[in-house]
Amino acid sequence: LDCWILKSIVVVSNYSVPVNPERWFLFFLFQYTVWNFVPKNLFEQFRRIANFYFLIIFLVQLMIDTPTSPVTSGLPLFFVITVTAIKQGYEDWLRHKADNEVNGAPVFVVRSGSLVQTRSKNIRVGDIVRVAKDETFPADLVLLSSDRPDGTCHITTASLDGETNLKTHYSVPETSVCQSVSQLEALQAVVECQQPEADLYRPLGPENLLLRGARLKNTKEIFGLAVYTGMESKMALNYKCKSQKRSAVEKSMNTFLIIYLIILLSEAILSTILKYAWQAETKWDEPFYNQKTERNAFLLICFYFLAFLVLYNFIIPISLYVTVEMQKFLGSFFIGWDLDLYHEESDQKAQVNTSDLNEELGQVEYVFTDKTGTLTENEMQFRECSINGTKYREVNGKLIPEGMTDDSPDGSMPPLMGDELLFLKAVSLCHTVQISYDQSDCLAVGGDPFSHANGFSSSPMEYYASSPDEKALVEKGLRTLVVACRHFSPEEYIDVDKKLNSARTALQQREERLQEAFSYIEKDLQLLGATGVEDKLQDKVQETIEALRLAGIKVWVLTGDKHETAVTVSLSCGHFHRTMNILELLQQHSDNECAEQLLTLSRRLRDDHVIQHALVVDGASLSLALREHEKLFMEVCKNCSAVLCCRMAPLQKAKVVRLLKTSPEKPITLAIGDGANDVSMIQEAHVGIGIMGKEGRQAVRNSDYAIARFKFLAKLLLVHGHFYYIRIATLVQYFFYKNVCFITPQFLYQFFCLFSQQTLYDSVYLTLYNICFTSLPILVYSLFEQLVHPHVLQNKPGLYRDISKNSLLSFRTFLYWTVLGFCHAFVFFFGSYILMGEDTTLMGNGQMFGNWTFGTLVFTVMVITVTLKLALETHFWTWMNHFVTWGSIAFYFIFSLFYGGIIWPFLHTQDMYFVFVQLLSSGSAWFAIIIIVITCLFPDVLKKVLYRHLQPTSTQTSQVMRGGGMLLVYYQIYVNNSEKLFLWNEQNGKRAECFPVVKRVCQALDLIHIPTCVRKKGNYISCYLKRAWREEIN
C-alpha cells in the first residue's frame, strides 16, 4: 500500500499482529452515564447561583436553631433539582438512544475467510469492511476495491460539509483487483498514516479516504480498511458542542436576582441591628421566650443574622427557574404546531433545536441572511449563452442562435461546428455531475447500463452536482460561467499529470503545491464562451423584508456571490430600493485607501441624511476595514438602511456578526442561511435559523430554529417572538412581585414581636406558596397569553417596536413591579392589623384573635390578591386560564380546610388545627378579605384605564380596535357548494348565523372580498375575513 506518514501504523492481516483493543469504534455524544449522572448533574445544577444559595440556606437550617423548618427550603430545592434532573436526564437519554443506533448498526467485516455481520461498535482498526450502495460508512476507511472495473466509487458528504454533489474516490492501485473475500483475506499489508486530525480536506491519500458519515452512491459495493474509528474519526473530531447562548431575558433575570439578594441581606442586617437596639432599651421587660442577647458576642450576632436570612430567604424565588424552563420547553411546541410555518410542497414543518432562546425572537434588531438558497430558490434556470461572440438562447429544449425562431422544422437549424462543438464538448466533460440510475433494472432486461447516459432509455435519470446551477446546465448540456480551453501535446500532458499527482500525494505543503500546479495549467487559455443562468426568488421574500424593515429590524445580506449579481438580487427582493443612494466600498487595496473611502462615505451620510442609503462592501475591502478602521466602518454601516456584503468567506460572515454583536449598543442579532458555509454565522449570532434547503442539513443541525422558507421568518419573529417575549417578561416580573408580597409581611411582623424571629406563616404555607398555590396560573399565562391577535401582529409589523430593546424588562418596569409588591404587602399586613388587630372577640365564641389566625388572614388575602392581579394582566382567556385561576384559589381554601380540620398523626406539631375553619366562620374576616383585596387592586385597575385612554401604546390601540365592536366575517365554502355566512364576535367567542339584512350589509361593505387566512378542515375550507365593524359602519 502507499505510505503516507510514519506516525500511526495499521496492520492488515489475519491479526497475527495484535491491534490496540482501546481503538474500537464506540462513538458517543452523551454527557452522563448511569454511574456519574447523580454527582455530575448535581454539580452542574449547583453551579447556578440560586440553587447554591438555597443549598446554603438549607444547610444553615440544619445546623442552627432557625425559626422555620429545614423542610421549607429543602422541599422546594428538592423539587427544582428533581424536575431539572428529569428534564436533563431525558434529553441525555435521547442522546444515548441516538448513540446506540449508531454504535449498534449492523455492518459486514471480512473475518476467517468470510463476511461476518457484526455491530459497528465492534469494528477495530485494521478490519476490512464491506459497504453496500446507499449505506453510510461506519468508520474512516481507506478504499481497497469496488465493484467497478476502474476501482472507483461515488459518495456524497452532505452530512459532513453540506455538499450534495457526488465525489469520486479511487481505490489503492495495488488492492483494486482484490474484489473477492478470499483475496482480501489473504491480503498482507501495512498502512502508515497520519495521526487522527479534524481537517476534512486533508485526507491521508489522494482521494482514497472514505469518511465516516458519508454515504455510498451509484456504486453497488466497496471494501475498505478501517483506519480511524470511534472518537478518532474525522466526523467525531469535527463534532463541537454549540456554545451556550443566553437570552437577554435570562441576563435581566440574573440582574434582578442580585438586586433582590441585596434587599434580602439588607433586611437581615437591619433586623439584626434593630434586635440589639430594641433590647438595649431598659424599659423593655422581656418575656421568657425572648431573652436578652449578649451584645458583644460575635458568634451570636452571626447566629441571629443567619436566622433572619433564613426567615426572609423566600424573597428569592427558587421556583422561578424551573417555571421558566417548563415554559420554554412546553412553549416551543407551538412553533412546530403552527400550520402557517408548514411547507406543503416539501412536507416540512418548523422545528426547534433549542428552546432557551424563544423570547429572543422578540428582540431581534439585525438580521444577517445568506442569498443563494435563502432568499432565492437555489434552482437555476438556463437563459442564454455566448459562443464565439454569438448569443444563443434555450427555447423548448433547443439552443437557438439570436435572431432565429423555433418555428422552423427539425433539421433546419445550422449545424454546430468548430468553436461551438468545442464549447459543448468542454461543458460535457468538465463537470462533477454524476447520473444515478438503477443498474439492476437495466441489466435484468439485458440492456447496457451506459445507454442511460446516451439517452436511449426512457427511464428517469437523477443528476447529482456540487451546485444547482451546474446540475441545471448539465441537464441542458451547458455549463455556467466562462468556458475556456488549452491544448497540450502528449508530452506536456504527461508532465502536467505527474505534477498534479505529485502535489495531490504530498504530505507537506499540499495546498501550496496544488495551487502551483493549477496555476501552471490554467494559463494561456483560449476563451470559448460563457453561459448565463437565473436563480428565482423565493415566494414573498420582498414582503418579508419590508415587514422586517417596518418592525425596526435592519437586514444585512452576506453572500459569496460577485458584486453585480448580489446587487441585482438585492434590488429585486426589496432589500435595496430604487430610491436608495447606493454607497460602495469595493476593491480597496491598502489601509490608507480604505480609510479615505470610509471617511468619504461618512461625510456623504452626514450631508445627505434626508434620503436612505445602502452600502455594498466586498470581502477584500471588509478585511482592510476591520483591521484598522473598525469603529469608522461600523459608524457607516449603522447609518445605512441596508448593507450588502459580497464575496464573503464563511469566517468573514461570522466576523461581521460578531463585530455588530459586540458593539457598544449590544444589539440582538439573528443569522439565517441554508448551507454549510453559513454554519459559522448561524452559531455566532444570538439566534441562528437554518433553512431546509437543497445544500444538505448542516445549517439546520447547527441552528437554534429551522424553517422551510424565508417568508416564514416574518411570523416567527413578529408573532411567535412577540408572544414569547411578553409571556416570559411578565412571568419573571410577576414571580418577583409575588415573592415580595409573600415575605415583606414577615419582615413587618418582626417589629411587633421584638425581632424574636417568630414566623407569621405556618411552615406548610411557606413551602407550598410557590409550588402549589401560585404556580399554575402564571405557567398557563406564560403559555397562552396574547396581547394582540396574531393577524394584527403580522399586518402591523410596527407593533414589534413596542417590545424592542427589552422594554418590558427595563429597570423602570422592574421598579414598578417591586414597588407594587411592597405596597400590596403593606396593605396586606396593616390592613389586616387595623381591621382585625383590636377585635379580641373576633371568633364570636369569646376566643381572642391569635397569632396564627392573623398570619392566616394575611396569607389568604395575599393568595387571592396575587392571583387576581395576574387575572388583570391576562388579555387572552381560555378555559385553562379560568380553570387554574379560580381553581388555585379554590384549592387553597380546600387544602387549608383539610390541613387545619384534621389531626395528622405524622406531624409533630399542628399549630394550624381548626384555625382556618374559625377564621372563615367570622363575617368580619370575610369583610376584611374583600376590603383589602379591593384596596390593593382598585388603584391598579384605575391606572390601566387612565393610561389606556390618555397615553395608549400602539399595542393597546390595536387591542381597542379589535375589542368590543370588532366583528369577523366567517365564510364557509362547503364541498357541495352550499354557502353560509356567519358573524364571529371575538369578545365573547360566539358565532351566530347572519340574518338576511346583516348579510346584505356585509356585502354592501365589501367584507367578503378580503380573505386573510385560509385553512382546510375536514370537508370544507374556512376563510377568515376581518374588518372593524364599527369603523366600517361609520
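Cβ atoms here come from the backbone N, Cα and C positions, even for glycine.
Bear in mind that the values here come from a model prediction, so they are computed numbers and not experimental data.
Now, the feature entries from TrEMBL:
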ACT_SITE  Asp370  active site, 4-aspartylphosphate intermediate
BINDING   Asp370, Thr372, Asp674, Asp678  Mg(2+) binding site
BINDING   Asp370, Lys371, Thr372, Phe456, Arg479, Thr559, Gly560, Asp561, Arg647, Lys653, Asn677, Asp678  ATP binding site
DOMAIN    31-73  domain 'P-type ATPase N-terminal'
DOMAIN    107-167  domain 'P-type ATPase A'
DOMAIN    700-953  domain 'P-type ATPase C-terminal'
TRANSMEM  46-64  transmembrane segment
TRANSMEM  255-278  transmembrane segment
TRANSMEM  298-322  transmembrane segment
TRANSMEM  716-737  transmembrane segment
TRANSMEM  814-836  transmembrane segment
TRANSMEM  848-871  transmembrane segment
TRANSMEM  883-907  transmembrane segment
TRANSMEM  913-938  transmembrane segment
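If you take every residue in the domain 'P-type ATPase A' (107-167) and average the pLDDT, you get 81. Asp674 (Mg(2+) binding site) has its Cα within 10 Å of the Cα of these recorded positions: Asp370, taken from Asp370, Gly560, Arg647. For the transmembrane segment (913-938), the partner stretch with the most Cβ pairs below 8 Å, chosen from 46-64, 255-278, 298-322, 716-737, 848-871, is 848-871. Other Cβ atoms within 10 Å of the Cβ of Gly560 (ATP binding site) number 19 in total over all chains. Counting every protein chain shown, the number of other Cβ atoms lying within 10 Å of the Cβ of Asp674 (Mg(2+) binding site) is 31.
A Cα-Cα distance of 9 Å separates Asn677 (ATP binding site) from Asp370 (active site, 4-aspartylphosphate intermediate).
Ranking the binding-site residues Thr372, Asn677 by how many other Cβ atoms lie within 10 angstroms of each Cβ puts Asn677 at the bottom. Across the structure, Asp678 (Mg(2+) binding site) and Arg647 (ATP binding site) are spaced 13 Å apart at their Cα atoms. Long-range neighbours of the transmembrane segment (255-278) within the same chain, counting only residues 6 or more positions beyond its ends whose Cβ lies under 8 Å from a Cβ of the stretch, are 49-50, 53, 284, 293, 295, 301, 304-305, 308-309, 312-313, 315-316, 732, 736, 739, 747, 750-751, 754-755, 814. Between the alpha carbons (Cα) of Gly560 (ATP binding site) and Asp370 (active site, 4-aspartylphosphate intermediate) lies a span of roughly 9 Å. Listed recorded positions: Asp370, Asp678; maximum Cβ neighbour count within 10 Å falls on Asp678.
Listed in sequence order, Gly560, Asp561, Lys562, His563, Asp618, Gly619, Ala620 are the same-chain residues six or more apart from Arg647 (ATP binding site) with CB atoms under 8 A from its CB. Counted with DSSP, the domain 'P-type ATPase A' (107-167) comes out as 7 helix, 36 strand, 18 coil.
Secondary structure by DSSP for the domain 'P-type ATPase N-terminal' (31-73): 27 helix, 0 strand, 16 coil.
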